[in-house]
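These notes are about the structure you will find just below.
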């Protein structure tokens, strides 16, 4: 009795301990189940993120992406991932935790739906990219076709331009030939007038009377004919070439006496360049003289003969009316490079009864030289100054380009422009010879001079 009681007393704590152990084991089971469920969810989220990242990241590898499916054979597997090497990764959940399972099924469905939507978006994006590439390819093909057509058009334009250039060259040559024929015809008329005048003088002396008015009219015809070298004994030099042929062959200032201006005037003679005998009518060398002058100054001349000067349009006209003259233009830039332009036919107001009223038109052709032809296009043009607009432009070219010249619309040369000393920012308003230095370089030195045509020309 006593021992049974002791046993009962001793066994009571053992029963209480057993109940407590069962309670503790049940609590641990729930905790373990919760931990496993959390790990499974975290693992599923991680795997899903990795899969999404792999879908967005286009790796250079050609391996197919892993396939994610539900495992119908094993209901305890939440997700099965099949890799490229045919191995599988199963994500399990504890079957003893039935309560969260519906939520996991919903999560699984949402993830699979998101993956399906992502695949669909990729297909749509791929279709758009293909459409864009197709459109770009069509545009490139159209551009290539357009470039080919433009190139063909350019080749046609080039052929037409070359043909026009040849025609223009032929027309220039024909113009020079006609000018020479007209000059020779005028010379013959002048010689005929001189002969008739001599006959009239003889008749007047014999008859004691005459017709002075007719004689005066005939003498008005310009006497522009060929002449012998030098001047006859006792006669006055008509230009620097006569002086040169008389034996005076030093550069300097001399007096000349043109046929139609017997009182004469002084000129500077270049006796050294290309055989000598040149009569200088323009020089630019240091910018000491203002060449932006008016009509009267350019008609009568200005400056200093030994330095910068303009001889005068009227005097140039009187000189070039005597015979067939050639023009030489010497040029120098600020790097001391030199060039020249030679025109075998030159004159001012050759066919004018009143050259000033006609604007002192220039006649020029037959270019040779090293500077390029920047004056031939001005042939036939009248002289324009800032106060006398004779050009073809809507504006006064002399005022616009700060010079005075035989402007057309407006110029390819401007030797009476501003002395700007080399390269300048303004356009074409310096001492320009465009075929040699362009329109934005003002030359250091220019000299324009004339001489009778040589026999070999």
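Backbone N, Cα and C define each Cβ position, glycine as well.
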Check: Given the ranges 1-20, 21-40, which one is assigned the annotation region 'Disordered' in Swiss-Prot?
Finding: 1-20
Check: What range among 136-160, 161-185, 186-210, 211-235 does Swiss-Prot describe as region 'Disordered'?
Finding: 211-235
Note to self: I want to check the contact list for residue 397 (disulfide bond): same chain, sequence separation of six or more, C-beta distance under 8 angstroms. What comes out?
What the structure shows: 384, 389, 391, 405, 407, 409, 410, 411
Item checked: residue 240 (disulfide bond) and residue 401 (site 'Implicated in ligand binding'), distance between Cα atoms, whole Å -> 33
Margin query: Helix, strand or coil by DSSP: which one applies to residue 411 (site 'Implicated in ligand binding')?
Written below: coil
Notebook entry, point to check: Long-range same-chain neighbours of residue 428 (site 'Implicated in ligand binding'), Cβ under 8 Å, sequence gap at least 6?
Noted result: 401, 410, 411, 414, 417, 434, 439, 440
Check: Rounded to an integer, what is the Cα-Cα distance in Å between residue 427 (site 'Implicated in ligand binding') and residue 336 (N-linked glycosylation site)?
Finding: 22
Checklist line | Other CB atoms, at most 10 A from the CB of residue 427 (site 'Implicated in ligand binding') | finding: 11
Item checked: Around the Cβ of residue 240 (disulfide bond), the count of other Cβ atoms that are within 10 Å -> 28
